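Since the structure comes first, as C-alpha cells, the remarks are kept for the end.
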Amino acid sequence: MPTPTAVKLLLDESPHDGDEEISNWTLSASPSRPPQQARPYSARRPRCSPFCALFIVGALIAMIIGALVGAFLLPQLIASSECQLQSVIISQKTQSEEPRIEQRITEECGELYPWRSIRLPEKIRPLTYKLRLHPNLTTSTLSGSVQIELKVVKPTKAIVLHALDLNLTSYELNISGLHVSAHHSECEKLGQWAFELERELKETDNVSLSIDYEGLIHNDLSALYTNVHIADNGKKIVSAVTQFEPTHARRMLPCFDEPVYKATFEVAVIRQSSHIVRANMHLTRTEPYADGLFIDHFAPSVKMSTYLLAIAVLNEFKRVRKMTRNTVSTVEINLFAPADVSNQTDFGLTTGVLAMEFFESYFALPYPLQKLDMIALDDFAEGAMENWGMTTFRDAMLLHNSAASTTKSKETAALVVCHEYAHQWFGNLVTMKWWNDLWLNEGFANFMEYLCVEEIYPDWKVMDDFYVENYVMSMLLDGFDTSHAVSTTVDDPAQIGSIFDAISYQKGASIIGMIMGLAGKENFKKSLREYLKTYAYSNAGGEDLWRIIEKHSSLKAANVSVMQIAEAWTTRVGYPFITASMDANRSSIIIHNQTRFLFLEASRKENRSIEWPIPVHYRTDYSDAVNVSWIKPGEHDVRITLEKPAKWAIVNARSLGYLRVLYEQNIYTEFVKQLKENHQVFSAVDRASIINDAFSFAKAGFIPIGTAMELVQYVEVGEETQRIPWNVIMGHLKSVESCIFESEYLDLFQEFMRSLLVPTYQRLGWSHKEDHIERLLQTEILAVACKLQIDDCSRQATRRFYQWTRDSNSVPVDLQPLVIEEGIRRGSPIDWERVYQEYLKASNPSQKFMLLAALSATRDIRLIYRFMNMCLKSSIVRPNLLPKALALLMQNPAAQLHTWRFFRLRFQHFDQTIGSTTTMLGMTIKSIIENFNTQFDLDQTLQFFEGKQLGASQAKVDQALDSIRVNIQWRRLNEKALGKWLHQWNDNRSLQ
C-alpha cells in the first residue's frame, strides 16, 4: 500500500526528458505543455492541429462543390427517384437504435474520437487514485491533480475514462517507469476523455496516468457543490460537499465512473486554517501549505466505487462524537452540524451508534473503517447519501430537537439513519455491477432500515408501517404503463437518474420482504451473511444473491426455485392481480386467473400475456393460521381445498405477496359484515390491504365504487385504533375528494368522511398521548378533522393557535403543525405575518418546514402569491424544498390554479434552479399536475411540456400524465355511481 507521502501528485520533474525516445513507442503530442488557463468546460475552444485545419478546409471546399452540383441536378434527381427515396426512408426506420446512437455520438464527438459508447471499454481498470484537491470556496473553483495506477485487462491503444466540466491543464503517462506521449481528446456528449497511443498497451504493462486539471465548485447539488447555511445572526456561511451518485464523480476528477471499477483512493485536500475537511477515511496528518493554507492527508481507502468517494470542506461546523461498544472494533461515530444547531445532534448520533451495532451483529461482518461521519446539510437534493465512512444528510433527516421536532420527524430520522448504515454493507462493501441493479442497493437498504429501527426502538413497531410505506406507495406507481422493471436496462445518466424512484426503493423492498417470508427469517439472514462475505469489496448481481438464498431456503419442497421467483418479480414490469372466489359450499378457494394489474383500461390489451409464479398465502374465518399454495404461469382455475367450509377466505393474507386480489362480490359482502362485527379478526395489514385493493379495483373499473365505500364504514364506530388501516382509508378518500372537488357530490362526500372520523376524533381528543403509535394516530386524525371543518376541531385548534402566538411552549410540539395550519387557514394577514417571522427565525429544520407548510394553507390570494414569490428566493426557501413547497400549495384548494399558472410563468427559473442534474424538477411537476382530472387539464399540460427537454425528470412527468388519465377515467366510471351511493347512504342515515 503506498505511503501517505505518495499523495504529492504535482509532478514537477519527469525521470525522462521530453525529447527522449522510448524504444518501441512512437511519440505523439507532447504532454509537457504549460498548464492552460482554467475556463468553464462549455467555454473552452476546441483544439485543432494543422492536419485538422487542412481537413476542415477540404471539407468546406467539398461542401461548396456539392452545393453547386446539387443546384443543377437536385430537381432531376427528385423527379426521377421518388421510389428510391421512399425506400431509403423505410430502411432508416428499420435500423436498430445502436447505430443511431453511434451516429449521434460521432456527430457530437467527431470522427477522430476513439470510442463510441456511453459505457467505458472493458480493457483498462483503475487500481489506485492518488488525488490532491484545492477547493477554493471564495472563487468557487477547483484545482486538482490525480495519479491513477492502471491495470491493462485487454490490449488497447487508448485509455478512455470519464471527465466532465473539467479543464485539463497537463498530463503525463508512464509505462513501466518510462515516460510516454499520448494524444488527448475529449467528448462532452459522453463525458469522456481519451488518451491515445500508437502501440497497444499489453497486460504486462504497469501504467500510470497523471493529470492536472481545473474545475468548478457547482451550485446544482451535485458533484462538488456549495452548501449555504444562514446562521441565527443572518450570516451566510459557505461550505463545499460532494454528491457523486449516480454519475457525478466525473465532474470533480477524471475517473472510471462506473460501479464495477472499484479502486482505492488516497486523498489530500488543501484548505483554509478555519475549515474542517472530512473524507471517507480518517485523517492521518496535516501539513502547512503555501499562503497560510494547510493540506490534510487521509488514509488510503478500502476498495470502492467512485460514486462512494466523498469530501466535505466544512465552514463553522461543530463535531459531536460517540464510540460504539458492542462492535468487534470500536468505531468512532461523528456528527457534524452547523455550530448554531449543534445542540440538535444527540438523537441522530445515538441512533447511529445503535444502528452500527445492530448491522454488525446482523450481518456478522465487522465494519471495516475506523470511523463513520454523519454531516447535516442545508442544501441536499435527496434524503441522505451513504458515502463509505462519510454519510451526508439533508438536515431535517438528521437533526432532532425534542422541543421543536415532532414524533413523526423523529421516526423518519431514525429510518433514514438506519438506511444509510445498511448501505455500508449493502451497496458499499458489495456493490451492484451496473445501475440496472440499483434496487439491490436501495431495495435492501429500504427493507433493512425497518428491521433496524424495529430492533433499536421496538416500541415504535415500524414494521407495521412497512405495508403502507412500501407496498401501497410502489403499487400505485407500478400500476401505470410508464412503470419499469425493478431490474431495468439503463445506459445514460438521465436514464440512471430516473430509476431512483418508488420501484427501485419501495417495490424492491417489498419483493425482498416477500422472499424473506418464503425463505424464512433465519435462512434469509444466513444467506445475506454468506453473500456479503463472498462478494466483499467486489461487485455482484441479483442472480448471485438468489443463488445463495436458494441454497439456504426450503422452497424446493414446493417445486419452485428462488431464482424463478426473483427473476419473474424483478425483471418483469408491474405486478399481477388474481381473481378469487369460493365454490358453492364454501369449502374451496378458486383462483380463476392472473394478469398484470393496470389502472388504465386502454393499457391492458398489450399486457395480458405477462404472468408470474405467485405464492398464495391464505387464511379463513375459523383459523389464524396462514397457509401457502402456488400458482404458476399458465395455470388457471386453481382450486385450493380448505379443511372445512368457511364464511370467507383472505387470499394474500398479511400481504406476504406483491399482488392484488380481486374477490367475487359475495366475499366482499362477508368482509363488510366481519369488519362491522369484529374488525380485529382481520390483522391490521389485512384490513388495510383489502381496502387498498378494493379502491384500486374501483379506480381501474373492475368493481363498483360502492363496494369500496362499504368496506370503510366499519370505522364510524370509533374502534379502529391502528394507523395502517386509517392511513389507507384516508389516502383513498382524499384521492376521491380530489377527483370530485368540482362535483355536486362534494358536500355530501365530505359529510360522509366526517361521519367516519368524528367518533375516533372524540375518542382520541386533544390530551397528550404517551404511547408513540397513539400519538402519531392522534395528530393524523386531528389534522384531517380540522381540514374537514369539524366544528370542535376548528375551535380547539384556533384557540390553541392564539395561545401559541403568546407562548410557543403552550402547545405540545406534535399538535403544533395542525394548530398553526388551522390558525393560518382561518386567520388574518397579521397572523400569517407572525408565523412568517417565526419561520425566518426557526433553526430546527423540521420545525422550519412545519411553519412553511402552515403558511401555504392561507386562503388569502395576496398571501398565496407572496408564498409563491418566497419560492423564488433561495435565501427564504431552499431549492431542495421547492418540490415540497409547491406540493403544499397544491393541497390548498384556494391556491391550486394560481400555483399551476405561477409555475408555467416561472418555468425557466425552476428549470435552471432544480432541473439540471437531479430529478427535483420532475418531482415538482408531478406534485403540481398529478391530481388534475379533466381532458382540458390533460391537453393543456401536454401542450405546455411539448418540446421541453426534461432529462431525468421526464419519467416522473410521464407518470404524472398517466395519473391524470387515471383520474379522468375514475370520473367517467365512478362519479355518478358514487353520487348515487352517497344519496342512498344519506337516506339510510336519515331513517336511523
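Every residue, even glycine, has its Cβ placed from backbone N, Cα and C.
TrEMBL lists 12-44 with the feature region 'Disordered'. Positions annotated as domain 'Aminopeptidase N-like N-terminal' by TrEMBL: 126-308. Sequence annotations record features per position, and here TrEMBL assigns domain 'Peptidase M1 membrane alanine aminopeptidase' to 350-569. The Zn(2+) binding site annotation in TrEMBL covers His419, His423, Glu442. The active site, proton acceptor feature in TrEMBL is assigned to Glu420. Taken from TrEMBL, the feature site 'Transition state stabilizer' applies to Tyr505. Per TrEMBL, the feature domain 'ERAP1-like C-terminal' maps to 648-965.
Mapped onto this structure are the features recorded in TrEMBL.
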residue : record                             : CB count, 10 Å
His419  : Zn(2+) binding site                : 26
Glu420  : active site, proton acceptor       : 26
His423  : Zn(2+) binding site                : 26
Glu442  : Zn(2+) binding site                : 25
Tyr505  : site 'Transition state stabilizer' : 23
The domain 'ERAP1-like C-terminal' (648-965) [mean pLDDT, rounded to integer]: 96
Shell of the Zn(2+) site beyond His419, His423, Glu442, same chain only (C-beta within 8 angstroms of their C-beta centre): Glu386, Glu420, Ala422, Phe426, Gly427, Asn441, Phe444, Ala445, Asn446, Met448, Glu449
His419, Glu420, His423, Glu442 filtered to the recorded positions whose C-alpha is within 10 Å of Tyr505 (site 'Transition state stabilizer'): Glu442
